[in-house]
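Q: Grabbed the feature section from Swiss-Prot, which reads as follows:
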- Ser54, Val55, Gly56, Gly57, Thr58, Gly59, Lys60, Thr61: ATP binding site (BINDING)
Amino acid sequence: MIKLLYPQFWQERNIIAYLLLPISLIYQFLSYLRASLAYPVILPAQVICVGNCSVGGTGKTQIVIYLAKLLKAKNVPFVIITKAYGSHIKSTTIIQKGHTALEVGDEGIMLARYGTVIAAKYVKDILPLINELKPDVIIVDDFLQNPYLHKDFTIVSVDSQRLFGNRFLIPAGPLRQNPKQVLDAADLIFLVSSNQDQIPNELTPYIDKLINAQIVPSNNIDKNKNYFAFSGIGNPQRFFLTLENYRLNIVGYKIFPDHYNYLQADLENLYSLAKEHNAILITTRKDYVKFNYLNDEIICLDVELSINNPDLLNEKIFKKAKILN
């Protein structure tokens, strides 16, 4: 798996973006061909897909957690399926206590706090485990562009700061798929940000299925200390903005690629940087699950999703998705 930081030309077009455009056209053709030839697997439960149309963090993991909490509160049997990015997974497996992020992925370990999680390598291997678990609902994390899995209900997550970047497909831009195509087909659209004031023009045609969401801290952290922040997630800027909005004294930060597997040398460097600033290391939950043996030395900022229209979510999920009917 290639791990990249979000380059500036993905947000604002420059000569590099235009030079890469021919490769983007090839990517578009291959994606179309793949979708045209695929025969989707239909699972024996309602499948709710949470995804995005661009590379990088858009808050979809927090949406998955929100849905998991919602279904659990309604006593609806559910299973979460994740792709196990950044792991050494060899076969599709149910995540158990004792699994590590390196074995089943950081997102899988994080999501396993909220329900049963299947770390999937191939779609075709999911069915036997679903037949064994017999859920009423399956939440699939980031399978939106996978044509081999049938979806009953789709939720698209959009980051309100980045939106759709420079509007080019990978690798010239951040897009996996044409935004209009994705948004037209979506059942719900989450506009996610730590600080949002208005709806972007691109999303106004979808106001009837748009939910504004904010990512807010959910744990108490001492605001009288200095912190050195680091992360290896798709959108580190949102993490740093959340820290600032929480009014923590951040004296420095370091960015790693998404789903980064930290080395001992990385930790030693981070400790050195924190010591220079008389600070404590602070990171995201997705990064924190990789440091279980260092729980007393690294602070984790837990966050949760706060949405403006829970009634719309309940109506769409429990009526259109035919849950509890």
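Yeah, the Cβs are placed from backbone N, Cα and C, and that goes for glycine too.
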Q: Look up Thr61 (ATP binding site) in the DSSP assignment and reduce it to helix, strand or coil.
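A: Reduced to three states, the DSSP call for Thr61 (ATP binding site) is helix.
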Q: Validating a neighbour-count step here. Other CB atoms within 10 A of the CB of Ser54 (ATP binding site): how many?
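A: Counting Cβ neighbours of Ser54 (ATP binding site) within 10 Å gives 26.
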Q: When neighbour density is defined as the number of other C-beta atoms within 10 angstroms of a residue's C-beta, which of the binding-site residues Gly56, Gly57 has the lowest density?
A: Gly56
Q: Could you check the binding-site residues Thr58, Thr61 and say which one's CB has the fewest neighbouring CB atoms inside 10 Å?
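A: Checked Thr58, Thr61; of these binding-site residues, fewest Cβ neighbours within 10 Å: Thr61.
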Q: Among all the protein chains here, how many other CB atoms are within 10 A of the CB of Val55 (ATP binding site)?
A: 20
Q: For Ser54 (ATP binding site), what is the secondary structure by DSSP, using just helix, strand and coil?
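A: DSSP call for Ser54 (ATP binding site): strand.
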Q: Quick one: among the binding-site residues Gly59, Lys60, which has the most Cβ atoms sitting within 10 Å of its own Cβ?
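A: By the 10 Å Cβ neighbour count, Gly59 comes out on top.
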